[in-house]
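> Below is one structure. I have some questions about it.
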Amino acid sequence: MLALFVIGFLASLFSIIYLVFHFIMKIKNKDRVLSKKVFYPFFVGGILLFTISLSFFDTGTQQQLDAALEENEALTNENNELVSTNKELKTANEKQKEEYETLKEEYEKLQEEYEKAEDEIKEISSKLSDFDKTKKKIKSLEKESEESAEAFEEEISDLKSENETLQSKVDKLEQQLASRSSTASSSGGNSGGSTQSGGSVYYKNCTEARASGSTPLYRGDPGYASHLDRDGDGVACE
């Protein structure tokens with residue numbers, strides 16, 4: 001009869017342990033199903049053997065049985081606690097899942113904003129690159145323009161210098177021609193030909209013109225020459 005008691009007790013204990021193990025594993029795998037072929041035969045068989053063996057035990061055995069029942073009750077209570085804990089964990093898991101979905105949506109939105117910002121940065125960088133190229137081109141054109149202007153000014157200065165030289169030669173030739181004409185007129189019988197006549201007067205510079213008291217000289221006046229009229233306004237030695 002002791003053997004029946006032990007077998008019944010072990011069968012009941014195994015079924016309880018299996019039940020606890022099932023709930024623990026169900027926390028990890030929600031789809032796990034309790035195997036009725038394993039749990040109920042051991043549980044019912046253990047209870048039957050345990051009950052049958054009770055009638056053959058004395059008071060001491062009854063006390064041991066009571067202790068075993070108390071232990072069984074404790075295991076049952078523990079199992080209930082595990083079930084409650086499993087429900088709490090399941091609820092917490094669902095909340096975490098909801099939070100995860102919310103965070104996932106926020107992350108996707110931030111990712112889209114980041115990609116848009118990255119595209120805008122690339123576009124701005126491209127515009128800045130084009131701006132730098134245009135700026136360099138403008139500087140190059142400005143430099144070429146300055147160089148061209150300097151060359152043009154030098155050319156104008158050279159032309160002015162050549163023009164002044166040519167004008168000086170022309171003035172001298174005109175004066176020589178006027179002098180020859182005056183000499184020819186004098187030799188033809190005209191008296192009183194003065195060296196101060198309009199075509200024969202020549203001043204080397206404004207100092208001589210001022211010394212003669214003839215300044216200012218206007219274009220067409222005796223002694224007027226372009227080399228004395230520096231600004232070309234028709235008035236020399238003003």
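For all residues, glycine too, the Cβ spot is worked out from N, Cα and C.
Predicted automatically and left uncurated, TrEMBL annotations should be read as such.
The compositional bias 'Acidic residues' annotation in TrEMBL covers 144-156. As annotated by TrEMBL, compositional bias 'Basic and acidic residues' applies to 157-174, 227-238. Marked as compositional bias 'Low complexity' by TrEMBL: 179-188. Under the heading domain 'Excalibur calcium-binding', TrEMBL lists 202-238. According to TrEMBL, the feature region 'Disordered' maps to 142-238. The transmembrane segment feature in TrEMBL is assigned to 6-25, 37-57.
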> Mind checking which residues of the chain, 6+ beyond the ends of the domain 'Excalibur calcium-binding' (202-238), have their Cβ under 8 Å from one of its Cβ atoms?
164, 167-168, 170-171, 175, 196
> Per DSSP, what is the residue count of the compositional bias 'Basic and acidic residues' (157-174) in each of helix, strand and coil?
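Summed over the compositional bias 'Basic and acidic residues' (157-174), the classes give 18 helix, 0 strand, 0 coil.
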> Mind checking which residues reach the transmembrane segment (6-25)? Cβ under 8 Å, same chain, six or more beyond either end.
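Apart from its flanks, the transmembrane segment (6-25) reaches 32, 34-35, 38-40, 42-43, 45-53, 68, 72, 75-76, 78-79, 82-83, 86.
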> List the helix, strand and coil residue totals of the domain 'Excalibur calcium-binding' (202-238) as derived from DSSP.
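Residue counts for the domain 'Excalibur calcium-binding' (202-238) by secondary structure: 7 helix, 4 strand, 26 coil.
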